[in-house]
């Protein structure tokens, strides 16, 4: 039940600097690879959000020793087949990454397990991982329409030659992990760009994989060893404050230590194509990942047409991109959005409804949206709905900097799924985002 409401107020300027939280995708993968490694791994910059804590809790239930002291998470790995049978179903909460990646590991174990989640997660499509895992020899029983709960009877797997039907990093990573635990060689034929954190991180644990054009080759039977990892700042999290700075008057914001992996950086390119002044300073590498300090200035934006090849690379940032589009002069068109309908919510429908509530004209189809932007945009004061989706909640909070009055956001606290520090970061640059109990709010 929704028990809180966020409220926002417009701003006359934004300024300041923040060091953004650790990357969520990398935090998941670091925990999973560390658990499969032999020896101890130390992770610095781990993102302790609800999604990543679901992965941590599941690994603990599988017998992995995970400790946190100040800013360092220590994992004592158990090797490929050292996980222990869980005593109860493993609850992945709202985390699709946790469920899909862990399924690839559990399919190769020698015990039975069940992966479940909240109402939202148990509606999300799982056939994309079930089909190839079954081809590898897995036994997985799902709910109707290939959704969770997933009942997994672990057994030896065999490598396969498989063409990925969509550019999904979760699917790709699930099969890389399963391939490591399988007999023989797994060849994955990719289609389009998806984030490559698993491929970059695996060699840091001593793992090997061969990457050719549109092909990833994984050989089973390797051994991983513990290491020390620094998690870069989360670009998806930084995107909210980038857009806030672009659309707020008299804004100059610095965001430190942001990962700028080219398979994640489409949001930067798209905002720059709209006319956004975004500068990358002090570019360097943390381990295998490129990092920069990002400086963003208020800019007059213009509408653009987003080419289909950008969508997979920017899928998580599209809700906040829609807010930028509403403040851009002219029409923005985004197509190829079928995947946006099967995220934590139907993000296409949810964002369209909220934009219309805020006074933004938009046309929505099965997999596209036209947003009719205005450079003098002032969002209408209104009560809007996060639909229980963290990225929608934070996108609406950013819209508050350009509203004509107060915005009320139902269930804003769902932001903790990926960024529990959102309101702290917002306050640090001058945004006004508060919280009140729902029973004290009225339409």
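Including glycine, each Cβ sits where the backbone N, Cα and C put it.
The active site, proton acceptor annotation in Swiss-Prot covers 316, and the record cites sequence analysis as its basis. According to DSSP, residue 316 (active site, proton acceptor) sits within a helical segment. The C-beta environment of residue 316 (active site, proton acceptor), restricted to residues of the same chain at least 6 apart in sequence and closer than 8 Å, consists of 236, 391.
The Cβ of residue 347 (phosphoenolpyruvate binding site) lies under 8 Å from the Cβ of 318, 319, 340, 341, 389, 391, 392, each of these being in the same chain and 6 or more residues away along the sequence. A helical conformation is recorded for residue 347 (phosphoenolpyruvate binding site) in the three-state DSSP classification. Among the features that Swiss-Prot reports, phosphoenolpyruvate binding site is placed at 24, 96, 124, 170, 347, 391.
Same-chain residues at least 6 positions away in sequence with a Cβ under 8 Å from that of residue 168 (3-phosphoshikimate binding site) are, in sequence order, 128, 194, 312. Residues or ranges marked as 3-phosphoshikimate binding site in Swiss-Prot (evidence: sequence analysis): 24, 25, 29, 168, 170, 316, 343.
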Original post:
Among the binding-site residues 25, 170, whose Cβ has the fewest other Cβ atoms within 10 Å?
Top reply: 170
**OP:** Measure the Cβ-based neighbour count of residue 96 (phosphoenolpyruvate binding site), defined as the other Cβ atoms within 10 Å of its Cβ.
**Re:** 20
Original post:
Across all protein chains in the structure, which of the binding-site residues 24, 29, 124, 343 has the highest Cβ count within 10 Å?
Top reply: 29
Original post:
Counting across all protein chains shown, how many other Cβ atoms sit within 10 Å of the Cβ of residue 391 (phosphoenolpyruvate binding site)?
Top reply: 28
Subject >> Cα-nearest neighbour of residue 29 (3-phosphoshikimate binding site) within the listed binding-site residues, 96, 124, 170 >> reply: 170
Original post:
Of all the Cα pairs drawn from 24, 25, 29, 168, 170, 316, 343, the residues the record ties to 3-phosphoshikimate, which distance is largest, in Å?
Top reply: 19
Subject >> Whole-number Å value for how far residue 343 (3-phosphoshikimate binding site) lies from residue 124 (phosphoenolpyruvate binding site) (Cα to Cα) >> reply: 7
